[in-house]
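To start, the structure itself, in structure tokens.
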Amino acid sequence: MENYLGLLILGFGGHARSVADVAIAGGIGQLCFIDEYARPNECFAGFEVLTDWPGELPDGWAVMPASGDNSKRQALCQWSIERGWPLATLVAPTATIGFGAVLGAGCFVAQHAHVGPRSHLGQGCIVNTGAVIDHEVAVGEYSHVSIGACVAGRGQVGRRCFLGAGSTVIDGLNIANGVTLGAGACATKSLEVAGVYVGVPARLISRK
């Protein structure tokens, strides 16, 4: 993780609090949240929540999109990019990153998560608390691997996918763009159609 002087966190929902917690644990000394729905005098760990940012981003600061929703997170990334402000890449102190792994801008790797060797996370991905991305896995932009989920080695996860809490993708499978894999589900074969899958083995219950 880079040594950011400060972090502008976009959003103030539950995921934003997890982002802030990791930032504080990583030694980032200055935080500020932006949320258009913020209530007066809201704060977290003593850091204020604004409804808008009044000027330019201070030197040494970066921006962290903090929404668990893939579409919203993509929009927040674009908001920062349009202003020429750098996206942070945030890795928790208890997370582990394997040799040769590549994390795109705007990625968040939460406490006790693992990204295996030679894996690749596209821009704006979340690897949430305790999740595992094993060796040589590619995860597309703006995807979210939720709490305790596991993608086994050499898998391919598309763009804007959501792998629910405790779900599993066995080794070598391809997951299409826009797939939602429900909590606790297990993909035992490639999921080639965008939609919602549940159960063990995972089955398609609705198309997108």
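Backbone N, Cα and C define each Cβ position, glycine as well.
Unlike curated records, TrEMBL annotations are generated automatically.
Taken verbatim from TrEMBL:
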- 7-78: domain 'PglD N-terminal' (DOMAIN)
- GLY68: substrate binding site (BINDING)
- HIS135: active site, proton acceptor (ACT_SITE)
- GLU136: site 'Increases basicity of active site His' (SITE)
- HIS144: acetyl-CoA binding site (BINDING)
Cα-nearest neighbour of GLY68 (substrate binding site) within the listed recorded positions, HIS135, GLU136, HIS144 = HIS144
Under 8 Å by Cβ from GLU136 (site 'Increases basicity of active site His'), same chain, sequence gap 6 or more | GLY116, PRO117, ARG118, SER119, GLY153, ARG154
Residues that sit under 8 angstroms from HIS144 (acetyl-CoA binding site) by C-beta distance, when 6+ apart in the chain = GLY68, ASN70, ARG73, CYS125, ILE126, ASN128, CYS161, PHE162, LEU163
Look up GLY68 (substrate binding site) in the DSSP assignment and report helix, strand or coil.
-> coil
Determine how many residues of the domain 'PglD N-terminal' (7-78) DSSP places in helix, in strand and in coil.
-> 21 helix, 20 strand, 31 coil
Segment-level pLDDT (mean, integer) for the domain 'PglD N-terminal' (7-78) | 96
So the residue listed as 'active site, proton acceptor', by the Cβ count within 10 Å over all chains shown, scores 18
For HIS144 (acetyl-CoA binding site), what is the secondary structure by DSSP, using just helix, strand and coil?
-> strand
